[in-house]
Amino acid sequence: MQVCSPYTGRFAPSPTGPLHFGSLIAALASYLDARVASGRWLVRIEDLDPPREQPGASDLILKALDAYGLHWDGDILYQHDRLEAYQDVLSDLLKNGQAYPCTCTRKELAAYLPSYPGFCRSNTDTSKEHAIRFNARDHKIVFDDRIQGHQSFDMKELGDFVVFRKDGLFAYQLAVTVDDEFQGITDIVRGIDIMDSTPRQITLQQALGYHTPRYAHLPVITNELGDKLSKQNKAEALPLDNPEPTLLLAMSALGLPVDDHVRSSSLNDMLSWAEQHWSLPPLQNITAIPESSLLQKR
């Protein structure tokens, strides 16, 4: 079921470290897209993976958004407060036969790559250590990405995916799907690196009777080695004391026609100008933008 307006967008970082330039691109694009539509822009902290989280990172993320003038609407939603909701949905999936316990070992899973073929679909044994997988069935998921165009995914190729991990943590695909519905998200603007999460989330939405948001997937920003800027690759944290130059660089990356007048403006005026000139960038079939190419335009 495709969602309709009013527009509600979101930015949903994980607190595994401070925001970096790649994060800013996604945050700025989703923020501008919401503001141009006179919509709401929500922030959700996806803090469901304590082993990967960095103490104090949530506060650093919010401080960075504030420093760059990206002010959110409403209260912050923290996923650690939503465990009961995830458990309710997981229980329903199991009860309805849409999910099942998977006792496969890492060695066994490696043999099934690149996709899990549903080896444990008939399994009901929960006495052994197990994850819980969603039965994705053999069907196609199609949607029109607002940047990348028409998309089609064969769920048989993607395979049944984990919704509850062996270590006792709720998986990303389940939590984000439940929370997007809970928050009434109509539009999601994010990086193309998680494009293959979208069909998984859509098939969950369909199984649960949820609305399907509109999606727009941006190219990722890459470093000198061609790797996506990420906390794992030790991408530099956003500067907070002088945000204007970095904000201008992010605007350029999103195709906004930054000129000398904009460069000499205040932060708030930069954002107001960006709202007036915003449209999703024509970046279809472009998956990556080297950071070095942006720095040369300064």
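Along the chain as shown, residues are numbered 1 onward.
Placed from the backbone N, Cα and C atoms, the Cβ positions cover glycine too.
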Practice item. Give the range, chosen from 53-57, 78-82, 228-232, that TrEMBL lists as motif ''KMSKS' region'. Key: 228-232
Check your understanding: Per TrEMBL, what member of ARG146, ARG190 joins ARG10, PHE11, ALA12, PRO13, SER14, GLU46, TYR172 in binding L-glutamate at one site?
Key -> ARG190
Check your understanding: In the motif ''HIGH' region' (13-23), how many residues does DSSP assign to helix, to strand and to coil?
Key -> 3 helix, 1 strand, 7 coil
Exercise for review: Show, in sequence order, which residues other than CYS102, CYS104, TYR116, CYS120 on the same chain lie with their Cβ within 8 Å of the centre of the Cβ atoms of the Zn(2+) site.
Suggested key: THR103, GLU108, LEU109, TYR112, GLY118, PHE119, ASN123, ALA131, ARG133, ASP160
Check your understanding: Where does TYR172 (L-glutamate binding site) sit in DSSP terms: helix, strand, or coil?
Key -> helix
Study note, to complete from the structure: In this structure, the one of the binding-site residues CYS102, CYS104 whose CB has the fewest other CB atoms within 10 Å is CYS104
Review point. If you count the other Cβ atoms within 10 Å of each Cβ, which of the binding-site residues PHE11, TYR116, TYR172 comes out on top?
Key: PHE11
